[in-house]
Ligand SMILES: NC(=O)c1ccc[n+]([C@@H]2O[C@H](COP(=O)([O-])OP(=O)(O)OC[C@H]3O[C@@H](n4cnc5c(N)ncnc54)[C@H](O)[C@@H]3O)[C@@H](O)[C@H]2O)c1
Ligand SMILES: O=C(O)C[C@H](O)C(=O)O
Ligand SMILES: [Mn+2]
């Protein structure tokens, strides 16, 4: 554990009380109160962190709705990091849904109305000329390990949220700290405000972002590039995490920058990795091989493409077949039905080209009135063993679809991954009931357990990228890796799959519980850093055997250190 026990701090009086990094509130000792000018600024009794947590928990309980709880926790984060992270860690399973999906989606959608205090870095298109000065204003003298950025075009499944996208960048950063042990003072959350095409926001006089239509094309690329080059120039060893970019930019930007900096797109790679782990765990239950599966991916956006590629690479690695052969195992469906050749270039993005089905394969298969081949028809024809939803189409996996799938295989693997909860393709309780308890299920947001026919609870695993990205990121940061390779991601996914509760009892959840996610992600990080060392992309000269010890030393933990005043100390 790296958190130092003594800090030399240069802030006094109100300045230290309003610094969330150093504030302890009633936890300041009497000695510190004297030294930092706090005696008259605090009530006399000194509280332990346990007492502060108990009080904060009671206060949280008095907020009745999830969104009010979210606002309460947000202001706690602005006040005292140690207390905030301790409270979250002590109640991880209860509080992740409050600070992350699904509640964070509502906080983001209402960002301009809930707005009280800014957090993170706002880089707005009209200020492009002064971006470097503005960037340095917040980061000068800081040691940044992690940059999480979003342009907010495709937030969760709720679309373009303009400047509210800062909420996903900060939520993802919080998860990095909570689950990955990243020091929050070394993380930077950035919103790249290039406008919004969300008419409701544009017409809202309280909207706090830049109220113009989204910038596209060359001007957009220049803006993003200016930002990426600043990250590379000032923090060359940092991890740059892209979140919730629109489908036309996500893959393109990742490919553009991933060879030049340690870059990561969570919706593509994080989602791909956690889904590969869930599928690996599920085929452990069905006692089959990856290569023997037939996959339907419903929703061919960033997540759909990332999942497809990751599964494809997983098959190639595990079962030694060629990528071209592995590509044939996938059937992608988007708004225009099955992605097949005759849809033409206007409807098929370039990056999907490996997975386009030939038309003649579908001769004689009924189409809908628009000439499209629907999910139901694909299910009936190919008898998939794995059905994955990342479409934002709530209820897209109808009873007919789910039952048709169950008719074609013994243990259908069904992963409706769309977030937040209300956009799920099928409620797992229904999928369980419609298949007589045979479906192996995992969802993107948390759901309560489903009842099996034998009366037992079937725990619905949360197949959310947050179960793996903090570990992937930590592994990259620890190893100071110059790039995040596909092999590093596969190593992380395999490690996660190996920790699946379903491997010891097939009736258990497909993935570890979020309550165990810090330990699970630590293991993922070790696997990723070891892989970086093996392939020579690491920037540290550690031996693989040393990684675990070094990783432990570098993890941040929320504990109060002892403070000593020093005018040249930290601020
Ligand atoms: N569980 C996770 O870890 C995780 C990770 C990333 C994304 N997601 C979820 O997946 C969903 C998609 O995210 P994304 O980043 O890929 O967004 P995206 O906008 O890039 O992709 C969505 C795709 O679904 C398609 N689509 C829309 N309606 C459809 C329909 N009726 N039938 C078939 N396809 C349809 C869209 O055309 C688009 O290609 C969101 O709900 C998001 O929250 C979950
Ligand atoms: O943020 C999440 O909950 C997962 C994912 O990145 C998403 O966009 O839905
Ligand atoms: Mn996302």
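We count from 1, first residue shown onward.
Including glycine, each Cβ sits where the backbone N, Cα and C put it.
The shown structure was predicted, so the numbers you read here are calculated from the model rather than taken from an experiment.
According to TrEMBL, the protein carries these features:
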- 77-258: domain 'Malic enzyme N-terminal' (DOMAIN)
- 172: active site, proton acceptor (ACT_SITE)
- 243, 244, 267: divalent metal cation binding site (BINDING)
- 268-533: domain 'Malic enzyme NAD-binding' (DOMAIN)
- 419, 464: (S)-malate binding site (BINDING)
Cβ within 8 Å of the mean position of the Cβ atoms of 243, 244, 267: remaining residues of the chain near divalent metal cation: 150, 154, 155, 168, 172, 242, 245, 250, 265, 266, 302
Assigned element (helix, strand, coil) containing residue 419 ((S)-malate binding site), judged by DSSP: coil
Recorded positions close to ligand 3 - of 172, 419, 464, only those whose C-beta is under 6 Å away: none
Secondary structure at residue 267 (divalent metal cation binding site), reduced by DSSP to three states: helix
Other C-beta atoms that fall within 10 angstroms of the C-beta of residue 419 ((S)-malate binding site): 24
DSSP three-state assignment (helix, strand or coil) for residue 172 (active site, proton acceptor): helix
Secondary-structure category, per DSSP, in which residue 244 (divalent metal cation binding site) falls: coil
Residue 244 (divalent metal cation binding site) CB neighbourhood, other CB atoms within 10 A: 26
Separation of alpha carbons, the residue listed as 'active site, proton acceptor' and residue 464 ((S)-malate binding site) (Å): 12
Listed recorded positions adjacent to ligand 1, that is, members of 172, 243, 267 whose C-beta is under 6 A away: 267
Distance from the residue listed as 'active site, proton acceptor' back to residue 267 (divalent metal cation binding site), taken between C-alpha atoms, in Å: 12
